[in-house]
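Database features (Swiss-Prot):
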MOD_RES   ALA1  N-acetylalanine
DOMAIN    38-73  domain 'EF-hand 1'
BINDING   ASP51, ASP53, SER55, PHE57, GLU59, GLU62  Ca(2+) 1 binding site
DOMAIN    77-108  domain 'EF-hand 2'
BINDING   ASP90, ASP92, ASP94, LYS96, GLU101  Ca(2+) 2 binding site
Amino acid sequence: AFAGILADADITAALAACKAEGTFTHGVFFTKIGLKGKSAADIKKVFGIIDQDKSDFVEEDELKLFLQNFSAGARALTDAETATFLKAGDSDGDGKIGVDEFAAMVKG
């Protein structure tokens, strides 16, 4: 799904770095996966993949399964990790992350 945007080796390394529960940090993940240096168009493509229900927002349930977008066998985020991730990205307080909020969080 991320072919042409993210390198498989970067995805593998990023997932390995947060394999244990409680170790996911979005900033570290976005850096390791190589997303920070990508164009706005590529970041928008990644957002579109993560937005499973195509609502133009990433909601809490989609964030919980965030890592599984990159590898089907990846773990779900813990409730605490999900809450921290949502709080970091939800700048307008509506309980979900839009594409502009996601891009701002990636560029962090």
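Here, residue 1 is simply the first one shown, and the rest follow in order.
Note that Cβ sites are derived from N, Cα and C of the backbone, with glycine treated the same way.
Taking the features listed in Swiss-Prot, we show where each one sits on the structure.
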{"residue": "ALA1", "record": "N-acetylalanine", "CB count, 10 Å": "11"}
{"residue": "ASP51", "record": "Ca(2+) 1 binding site", "CB count, 10 Å": "20"}
{"residue": "ASP53", "record": "Ca(2+) 1 binding site", "CB count, 10 Å": "10"}
{"residue": "SER55", "record": "Ca(2+) 1 binding site", "CB count, 10 Å": "11"}
{"residue": "PHE57", "record": "Ca(2+) 1 binding site", "CB count, 10 Å": "18"}
{"residue": "GLU59", "record": "Ca(2+) 1 binding site", "CB count, 10 Å": "15"}
{"residue": "GLU62", "record": "Ca(2+) 1 binding site", "CB count, 10 Å": "19"}
{"residue": "ASP90", "record": "Ca(2+) 2 binding site", "CB count, 10 Å": "19"}
{"residue": "ASP92", "record": "Ca(2+) 2 binding site", "CB count, 10 Å": "10"}
{"residue": "LYS96", "record": "Ca(2+) 2 binding site", "CB count, 10 Å": "19"}
Report task. Return the residue, from the listed binding-site residues ASP94, GLU101, with the maximum count of other C-beta atoms within 10 angstroms of its C-beta. Result -> GLU101
Query raised in the report: Just checking: which of ALA1, ASP92, LYS96 have a Cα that is within 10 Å of the Cα of PHE57 (Ca(2+) 1 binding site), counting only these recorded positions?
Result: LYS96
Query raised in the report: In which DSSP state, out of helix, strand and coil, do we find GLU101 (Ca(2+) 2 binding site)?
Result: helix
Requested in this report: Looking only at C-alpha atoms, tell me how far ASP90 (Ca(2+) 2 binding site) is from ASP53 (Ca(2+) 1 binding site), rounded to the nearest Å.
Outcome: 18
Query raised in the report: By CA distance, which of the recorded positions (ALA1, ASP92, ASP94, LYS96, GLU101) lies nearest to SER55 (Ca(2+) 1 binding site)?
Result: LYS96
Query - ALA1, ASP92, LYS96, GLU101 filtered to the recorded positions whose C-alpha is within 10 Å of GLU59 (Ca(2+) 1 binding site) - result: LYS96
Report summary line: Per DSSP (helix/strand/coil reduction), LYS96 (Ca(2+) 2 binding site) sits in coil
Query raised in the report: Looking at the recorded positions ALA1, ASP51, ASP53, GLU62, whose Cα is closest in space to that of GLU101 (Ca(2+) 2 binding site)?
Result: ASP51
Query raised in the report: In the same chain, outside ASP51, ASP53, SER55, PHE57, GLU59, GLU62, whose C-beta lies within 8 angstroms of the Cβ mean position for the Ca(2+) 1 site?
Result: GLN52, LYS54, ASP56, VAL58, LYS96
